[in-house]
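Trainee: As annotated in Swiss-Prot:
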| type | residues | note |
| --- | --- | --- |
| DOMAIN | 16-342 | domain 'Enoyl reductase (ER)' |
| BINDING | Cys51, Asp52, Tyr53, Lys54, Ser180, Pro181, Lys182, Asn183, Tyr198, Phe245, Glu246, Val336, Ser337 | NADP(+) binding site |
Amino acid sequence: MSPPALPSHHRAIVQANTDPVTFEISENRPVPVPLDDEILIKVSAVALNHCDYKMPGRVPCPGAVNGADYSGTVVRMGKKAELESGLRIGDHVAGAQVASSRRAPWAGAFAEYIRHHHSMVWKVPDGWSWEKAAAIGCATTSTVGMALWITLGLTGTPEEPAQEPEFVLVSGYRVVTTCSPKNFAMVESYGAEKAFDYHSSTCGEDIRAYTENRLQYVLDIITEARTIRQCYAAIGRGGGKYCGFELLPDDLLSTLRKSVKADWTMGLELTGNEVDLPGGYYRAANPEMHKWFVLWKQRYVALYDAGKLKPHPITVREGGLDKVIDGIETMRRREVSGEKIVYPLYNNSSKGVV
């Protein structure tokens, strides 16, 4: 397929030079040129993720492009990417960018065109909508898979029907979860055995009673003082493992049970590159993490295509990039619950399945 003509400039959402961090549209940015091992993607849809406001808030980088989850079409390829990726111009792909980066301020999904290393994207199966592909994004490509099978060290693999409460019902494991009561039916339909109200002051104790003091593994996607205490209260008398999604507060952990081994997961490590962030967020380069990701990526795409995994219910919002900033602010205000917000960037005449 002949490569399509490209504009010289495009639009992107970037961090504004404000405190606290806000976002703005950059109207006239040069279209990025892919390096030898990269592909250039024309973005068709983007999805919101909590990291879209959390990372800029922790590590401000004015002018850096924001956004993680996306889907789109390959429009240019570096020569190494042509040889190694198995992709071709015109293929439909999805992935999650490492955005709001001091080292790579051009990286970010909330743009009309993005460049991405070929190994970090996955080819979208036939028949998928742009919205579905974008909605899968960061949660499965990085943090959750890493949290379950690397940080928590679960045995077994997700071969059985595995649908999302905080990701999966894996083979041989019972899953309980927490959410708002309005979402109980949804998470139980996705595979959770039982859901508990995280607003309840006895949430942790209720889980511990339900699991008869035998709960061993806990994944905490919120990772605040309140949720950490709830998770520790839920783990059985014999102790277990706790995994958070944020840097853990040592002062709080020092007051909690020593029979629980606590750690946290940062999906940025799965690029294999150095994570050049300050303080406890720094990570040295780890190529083995990237090798694991490439294998995991192949597995989860197959599971999604077979219908054994699915994203949160998708809410499509119109307005393109101009409305994405409003969406980020709704997440920051915690007004989003039990849904994945997706914004199409294509025009209506091209709407349909991939």
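Cβ coordinates are placed from backbone N, Cα and C, and glycine is handled just like the others.
Set these features in their place in the structure for me.
Mentor: For the domain 'Enoyl reductase (ER)' (16-342), the model gives a mean pLDDT of 91.
The DSSP secondary structure for Tyr198 (NADP(+) binding site) is coil.
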Trainee: Determine the C-alpha span of the NADP(+) site listed in the record, that is the greatest distance between any two of Cys51, Asp52, Tyr53, Lys54, Ser180, Pro181, Lys182, Asn183, Tyr198, Phe245, Glu246, Val336, Ser337, in Å to the nearest whole number.
Mentor: 26
Trainee: Using a 10 angstroms cut-off on Cβ to Cβ distances, just flag whichever of Ser180, Lys182, Tyr198, Glu246 is the loneliest among these binding-site residues.
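Mentor: Least crowded of the binding-site residues Ser180, Lys182, Tyr198, Glu246, by Cβ count within 10 Å, is Lys182.
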Trainee: Can you count the other CB atoms that lie within 10 A of the CB of Tyr53 (NADP(+) binding site)?
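Mentor: Cβ-Cβ neighbours of Tyr53 (NADP(+) binding site) within 10 Å number 22.
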Trainee: Quick one: of Cys51, Ser337, which of the binding-site residues has the smallest count of other CB atoms within 10 A?
Mentor: Ser337
Trainee: For Ser180 (NADP(+) binding site), what is the secondary structure by DSSP, using just helix, strand and coil?
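Mentor: Ser180 (NADP(+) binding site) sits in coil per DSSP, no helix or strand.
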